[in-house]
Structure formats: structure tokens, C-alpha cells
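Going by TrEMBL, these are the annotated features:
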type	residues	note
BINDING	B:SER28, B:GLY29, B:GLY30, B:PRO31, B:ASP32, B:SER33	ATP binding site
DOMAIN	B:386-458	domain 'Lysidine-tRNA(Ile) synthetase C-terminal'
There are 2 protein chains.
Amino acid sequence: MELKGIMLSTITEHSLIEERDNILIGLSGGPDSMALLYALLEIKEKIPFLIYIAHVNHGVRGKDADEDEKFVEELSKDLNIPYYSTKIDMEGYAKLHKMSSEDAGRKLRYGFFREVLSKIGGGKIAVAHNKNDQAETLIMRFLRGTGIDGLGGMEYKSGNIIRPLLDISRDEIENYIEKNRIKTRLDKTNLIPIYNRNKIRLEAIPYIEKNFNPNIIDTLWRTSNIMSEDSNFLNKYSLNKYKEYMKIKKKDSIILDRNEFIKEDDAIKKRIIRHSINDLTGSLKGITSKHILDIVELFDKGETGKSINLINNIVAETSYDDIVIRLGNSEDRISYNYNISLGKPIYIEETNFFIEAKILPRSEAEINFKDRFIKYFDYDKIEGGLCVRNRLRGDKFIPLGMNGMKKVKDLFIDEKVPLNKRETIPIVTDDKNIIWVVGFRISEKHKITSSTKNVLIIKYVKA
Amino acid sequence: MELKGIMLSTITEHSLIEERDNILIGLSGGPDSMALLYALLEIKEKIPFLIYIAHVNHGVRGKDADEDEKFVEELSKDLNIPYYSTKIDMEGYAKLHKMSSEDAGRKLRYGFFREVLSKIGGGKIAVAHNKNDQAETLIMRFLRGTGIDGLGGMEYKSGNIIRPLLDISRDEIENYIEKNRIKTRLDKTNLIPIYNRNKIRLEAIPYIEKNFNPNIIDTLWRTSNIMSEDSNFLNKYSLNKYKEYMKIKKKDSIILDRNEFIKEDDAIKKRIIRHSINDLTGSLKGITSKHILDIVELFDKGETGKSINLINNIVAETSYDDIVIRLGNSEDRISYNYNISLGKPIYIEETNFFIEAKILPRSEAEINFKDRFIKYFDYDKIEGGLCVRNRLRGDKFIPLGMNGMKKVKDLFIDEKVPLNKRETIPIVTDDKNIIWVVGFRISEKHKITSSTKNVLIIKYVKA
């Protein structure tokens, strides 16, 4: 079957487009989004809907990007399709908000798409992710260790975003482009240094195709479909159980029936806890499987009065026949303090990270100042032993590049760190001073200089 | 925690060993199984059980293997542990039964272990699979496209096989061996050319560790644990539903309540069908996800009288409020016949394979006589068009290396092909003759010779 036919059945099967929908196409000008545009134009003859085009100039590689923009603008005029465009400062935004370029680009892009949607009176955003993108996503997530919920991959429909090309391979797109003599621009987004994804596409997949499975793209696409099915069922089932076992729901707490909860399998218990946290705080960001596991254990044991403090000010506790997930008050504040031994990673349970410290002579230390989570200190200026803890009232230090003392609290305010995050951010100290507010600033006094002989290297790494 | 401690908690958590159990250790003499032996000897002081040793000489690399055997025998004597050994002809068995050396080795090895168990009055077989083996298994299965049931990996306990080292990494084993100064033999099984697993271990994992995730072994071990949990829940839940919806179960058929069945999610429907087939025939061998999907569609539509014939003589059909999985009678026999176009793969739905044919000049054809599923023919001896079909009454041909005609039926008898398999085996013919009984024999008349100018290459490949 050719592209249009496959896409039509994808659209029908997953109810991606309905009659009279406004469909906003994110059009880079590259082969994927161009194929999406032309195939949607064909399908519009069967399902009447409205097409709009949006183009985002990412503000990288100046002239080329401007030409892409012009190309899409002229095309929209020729095809007589309403056209919207914007120029974003992806790199600047990434720097400012301390996120990867990829995340920054995505955030700004979808922000703009939503803006346009609200101008045109609502609708759906069609993006051009294809079967190969899906396979790449699955491999990345498998290597990162996501369970079945992640291995479902990108969804055909998530909120108002639709992905009509998800059943179509890059080869099929190229054939379609060639057969229909569609002019395209080289897809610049593929050249954006999304390091891991490019490595997966250019190295890992060809290696797998050659050595293990020549049909890996199709195989992983099937895997994603099966995983979605299983994961959707598990989430639906556990959501029903969550509602069934809920006794009370308030703004700052949720109480569940312990006697029913403990009868469930771990697979369901864990999901019920996730549903509770998500329901209470609107997000699962930062919640690790270790956190969930700890709560399951707490709830299983059911010792009245026992509780766990999690990140984001979340508290889990048991009380007779009740299990409770709630927002903490000031007494529940997290507090930790670990001694750091040189050469031996220390696990920080409260953040699910390791901290590692070692000493190297200046001549042997390879220094990379850009990494937020590896920092270098003049070892001979360190007084006494090292430890890592969360902030204490009145914490202050001289941040790198400054002359005077600054309160850690003020640093957090300047850096726009949300209140509930401030409690967990690790602070490395020696016996006298703060030497590093991890992820933010090292101390001016302890920085390495031309006279540094021994470098203390401290790494903060995900467990 | 050190090896013994981790192993003890694995044993306790998964109830691997109970008091007075007979534990038979498969001891190659390599580091893994030696660590297993010594750690079990330590643990025996906490949980009293009996240890037995079994060694299998795989009959490859003569002298070395004999020395391994002697090493294990002497060790058993020194430790005063009952010892059993056998010599198997792995390669011969593999050839005879047309299986991989790995599969043959596994079959013979476990066969012997079971024999020993029955001599000693029952018990459990302890094997030395570790965390790294588990990660390798997960990667292989992910690349092959298994869903969550496969990504659970090897189980801590399956039947009477236990895997106490599954939470322990290869590094931890090596440390234990070194610290306790345990003498080991180079583990020969790691050198047996299990091509894919060695490639995963020696190439893929180091590449992943370097580029994507330095903790990939731990990551995948966690994935396997989470996947097992989810998969166990789904299987338990769907097994209960299967029993709940079952109206009648006879020796040759199972009838389920269609009205209840169709209310379930696809994830559960598919598992209910698998449970039915497994319950009816004792196995799911050869059943693909395509088969299951076809049955779900049939049952969803529910047109009375419609049916599907599957491999292994299984029939699925609908009849009013009933859905039926049963063993077929003679009228249900599968029958298929597809024309083969050169250069274009033909999908054989009944076997879930593709067949592909192409022509190359003799000089350009690279020939590999060993592959059972790629065969070469003298194209100029082919008469008319090619087709592929299942066997017909009275089929016969001159098998390669013979002078006279032979019935396909007799070939199947000689090759010990089970009755229910014979119906689906593909037979490639030209307009006049059988040229290939796929997987078994080509025709003498059509083989390539020194005077062959054009080679017809036919491949039979898994879809």
C-alpha cells in the first residue's frame, strides 16, 4: 500500500482527524513534513477539514534557516493555505533555562503552535514523526531503562497533537517525495546536534540491521504497538482501582483504603501510587521507581504513624486502615547529610544521584568547565573532610566570580528554583565552607587557578 | 553487599530453596558455576539442604573438555559431594534434529540434569545465569521484537530450575572468585559459537556502555524485574478471565462466551486466546502475533460460521454467542497456492514467511549450500512459472542425490515431520515439477552444475 493509503487508515483507526477539524501542520520544509502536507491535501478530498501551515525558524544557521522560512512561506501562498511563522532563540532559551537545545526547541515550537491554534479557534497540531523516529525513540528509552509505559513510544494522538505518519517508514516517505516530484528543503532539524538520537540513527540502527535484524524498524514499530496496548490496559485498570479505593480526596491529601490496596499485585500497587501523586500534584516529574517502591513497602507494612518524605514536598504515610499521600508541612522537610570519601561513590537517596570525588595532579586532570554536574576545586584549599547535604537556614558562600557573600536562598531566588525543589538540591561543603551548590555555582575561594597543584574533581551523576 | 548476602536475599525473596531440598548444581568449572557452588556451600549453613554436582561434557574440543570433567570430578571428591557426569554429542544431535548447537546443548544438558534428579529422588537444578546474562537476553529479545512477556527475561524459578545468581553481576562474581582464591576452569560454554550472544556481549554492550549508558547491565536488570511484574499480572488477570468466560472445555475444543470476551481490551483478548490455544494443545509453538490478531478480528466481528485455520491443525470459529478454538478435522485442512514473481517477495500468510526469488548470472551468484532456507537452481531448467503451495496428495519428485522418484509423504516420514506440520510446509514448483520441498530437499533435476549459466536463488524468510 502506498503512503496515502497507509496514512488514511492510520487516521481512521486512531480517529486523528474529524470533519471540519482545523489541522495545523508544523512544516519545516524537510521531506517528512512535506510528505505529511501533500498526503493530507490528498486526504482532504475524502474527509473535509481545514489545513493551516506553521513554520518555526529556530534561529540557528542563519541564512539557511531564513531560506527555509521563505520556501515554506512561498509554498503556502502558492497552495493558498493560511501561513504562520515565528523566529525563536532556541540556544538562548536553552541557556537561560538550563535545558538541552532539543528540549528548548520543542518547548518553544509547541508553544508557538498552541498560540496559532488559539488564533484560528482551536484544532489539532499535525507533526511528521515517522516509523523510523518511533524505532529510534524506543531504542533510546530501552537503553535508558523505561518500562512498558515508555516502550509504547510516541502516541498517535496525545492531547491535541496528532502523528499521522507514525505507520510510515522513512523509505516510504522518500519514495512518495520522489514519485510526486515534491521539492523539499534539507531537514535542518536532523542536523541539530541531538547527540543521542543522531548516534542511534546513524550508527546503532545500521549496526543492528547488519548484525541482528534487517527489519528492526518494523520490529520496533510492532513492539511499540503491543506495548501501548498493554500499558493502556494497565493504566486504565489501575486508574479504576485507584478511584475505587479512594476514601477521601482533598486539595492537599488523598486517602486510600489500605485493606483493598494490599490485595493488588505490585504492578498495580505501583500504578495506583503514581495515579495518586499525579492527581495530587499534577505531575510525576522527578518521581523515580525507587520512590514508588519505598512507598509500596511502607504501605505493605502498614505501621501506623510511619511516613516517607519525597521530593516535591510529597509525604506518604500509613494510619490504621488508611494510606495517605499528601503535601508536606514544614515539619516534614527533607534533611540529609552524607560524608564523602574520596574515590568512592556516595548514593544520595533523597535525590537518587551519586556523588563521587577524586584527586588528580593538575597535569593529569582533563577539565571541562561546561558540565554543570562535574566541578573542579583547588584541593589544597579544602579544609577538613567533605560532605554533601541539603540546605540549612542561613547558608551562604562567595559564588564564583563574586567578591562578597551571597545567601543560598537568594541564589535560588535569582535562579528561579521552585520552592519545592530547593529542599533537595545538594550542597557540598568542607569543614568550614560551602564549596558547591550542585548544578548552580561553585565557590570563588575554592576554584582552580594557575597555581593549583592538586585538583579535586566532584561529579554528581544519576543513579 | 557481597555476593553471598545478595544471593541469600534472592533465594529468600523468591523462595528458591527450602530446607532439606536436593539442589543439583550444573557445574562447568567456569567462574559462574564455581561461585554458585561455593556461595551455596556457605548458605547451606543457614538453610540446611543437600548439594549434588552434575557435569556435562559437550563433546567439543576434546582434551580441554576432558580436563574440565576431571577437574569437576576431583573437586566433588575433595568436597565430598555426590557427583554425576555425562558426555553428550551436541553437534551430532544438532545436525540430526536440525537445530542450533545452542538448542541441542541445552536440550541434552537439561535432559541429563532431570535424569540425575530422578535418581536422587527429585529436587531442583541450580544454574549459574547472572545479571549480565540477563541483560544480554533482554537485548537479544528486544532486537527480535518480543513484547513484555519476553522482556521479563529469564525467571528466578521456572519449573524445577532455579537461578540464584540472577541479581549478581559478572564483576561481582569475579571479585568473589578472586577474594576467595577459588580455582576455576576457563568457561568453555562462553566460547561455543553462540554467535548472537557473543556479539551482544563483546561488541554491543561495550558500545552501549561507552555511548549511552555506563550502567546498562543494572538498567536492564531493573527493566527485567519491572517487566516480569507487569507480565505476571497480565497473565494472571487474563487467565482468570479465560476461566470465567469458558463455557465448555472438551478434549478437542474450547468454547468461550463471546459477549463477555468482546468487552475486554485487546491486550487481554490476545492473552485469553493464547491461554485457550495453550490449554487445548499444550503449546504455543509456531503461533505468531499475526495469528492471534486474526483470531481477535474474527471474534470481534462474530459472523456466525466464519472460521480461520491455523498451523498445528488449530481452528478458530464463531457461532452465535460462542467463540470456539478447536482442533480441525480433515475438511479444515489448510490449503494455499501463490504465484512467485521474480524479484518480489511473496508473503505466505499460512506460515508467516516470505518467499523471494531472483536470477543472477553464475559468475555473480555467491553460493552458500549450508543454508536450509536459501537454495540455488539452474534457471534454464525451469519450465514456465514458479509457484509455492502446500503439499497435494500424490506429490513426488527426484530428491537431490537420488535417481528415482520419491513421494513427498515418504520424505516427511523419513524426516520425522509431525503430522500437523506436514500441511503447512511450502513446496516450490515450476509448471511441471516440484523443485524444492522447503527446508528439506531440492530436486536433483534442477540443481546447479558446472554448466549452469543462470542461477535461480530462492529464499524463504521469516516475516
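For all residues, glycine too, the Cβ spot is worked out from N, Cα and C.
What TrEMBL annotates, mapped onto the structure for a quick look.
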| residue | record | CB count, 10 Å |
| --- | --- | --- |
| B:SER28 | ATP binding site | 27 |
| B:GLY29 | ATP binding site | 22 |
| B:GLY30 | ATP binding site | 19 |
| B:PRO31 | ATP binding site | 22 |
| B:ASP32 | ATP binding site | 25 |
| B:SER33 | ATP binding site | 25 |
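When DSSP labels each residue, the domain 'Lysidine-tRNA(Ile) synthetase C-terminal' (B:386-458) comes out as 14 helix, 24 strand, 35 coil, counted as helix, strand and coil in that order.
Looking only at the domain 'Lysidine-tRNA(Ile) synthetase C-terminal' (B:386-458), the predicted model's pLDDT averages out at 89.
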